[in-house]
Ligand code: HEM
Ligand SMILES: N[C@@H](CC(=O)c1ccccc1NC=O)C(=O)O
């Protein structure tokens, strides 16, 4: 056999004529996608491309998370817990990817960032409508935040819709109510535009599910999936906080907040407090 010189020979079947067929770049709209990284620093700072790509990839993954979470919410509505669990499992993997991805941005030193930070003006992740949509569908609703999107009616409209609709947790609890669990009427009739708050009457419901896991395996699994989802969300928030801490210290944020202190307070927020509270009761 002739030595191919560390080169893989192409096979005869490999398609090379795309004049009349869809190819990779066409399918993925790569022309557009790869022309969307537009640094604003002058002269262009080497590290701004990292900063943009870290954010754009995050937004793409968040887009998929929202797609999956909307579908999971619909699945609970349709009494289809199998599909809901499948969707949430995927979301958990995306969260892990997003949390791990912080290590790439952490290679940006404070000096490098300070060299192009001023060019970002008042733009900030706080204005990410997809991130806010994620918080809303998971239960951390806050009508006041809609004002940030006044200049972007399409995003504001999507957020208003999510604000008015049941969250993933609302649909899970309604599903439990349909199965005969003692979900208080006030929970089912709650003001959906408000953030979820701890409801003690739900703890015994979850205790019943945990203590009858053998008979209620899917429900037990769903509870644990939701806990994973919240834990993973907190891990992302924490990595963001630590990255901000090491990059800008205690400077105020470009979005106008106090910065690290403001982000620290997000770590006190919780989506499914009763699923954490039940842990204190288990085995006692
Ligand atoms: C060196 C990089 C980063 C720094 C220094 C930074 C800094 C900050 C600061 C100070 C805030 C508070 C709001 C403000 O006043 O601006 C904030 C909020 C936020 N950032 Fe970043 N950030 C960084 C990277 C990222 C990345 C990669 C994302 C991914 C999408 C992101 C998403 C967000 C979100 C969603 C918020 C709102 C959080 C909340 O409401 O609790 N940030 N960021
Ligand atoms: N808030 C950041 C700026 C920042 O990180 C940022 C700027 C524009 C678009 C996204 C950003 N990411 C997260 O807040 C800062 O205060 O430096």
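Backbone N, Cα and C define each Cβ position, glycine as well.
Keep in mind that TrEMBL annotations are predicted by a computer and have not been checked by a curator.
Record check: TrEMBL places 51, 52, 53, 54, 55, 113, 117 at the substrate site, and the matching candidate among 252, 254, 270 is 254. The binding-site residues near ligand 1, defined by a Cβ under 6 Å from one of its atoms, do not include any of 51, 52, 53, 117. In the vicinity of ligand 2, defined as a Cβ distance under 6 Å, none of the binding-site residues 52, 53, 54, 240 are placed. Geometry remark: residue 254 (substrate binding site) versus residue 240 (heme binding site), CA distance 15 Å. Within the same chain, residues at least six positions away from residue 113 (substrate binding site) with a Cβ under 8 Å of its Cβ are 47, 51, 247, 248. Pairwise Cα distances among 51, 52, 53, 54, 55, 113, 117, 254, which the record gives as the binders of substrate, peak at 19 Å. Each residue contributes its Cα atom, and for residue 117 (substrate binding site) and residue 240 (heme binding site) these two points are 17 Å apart.
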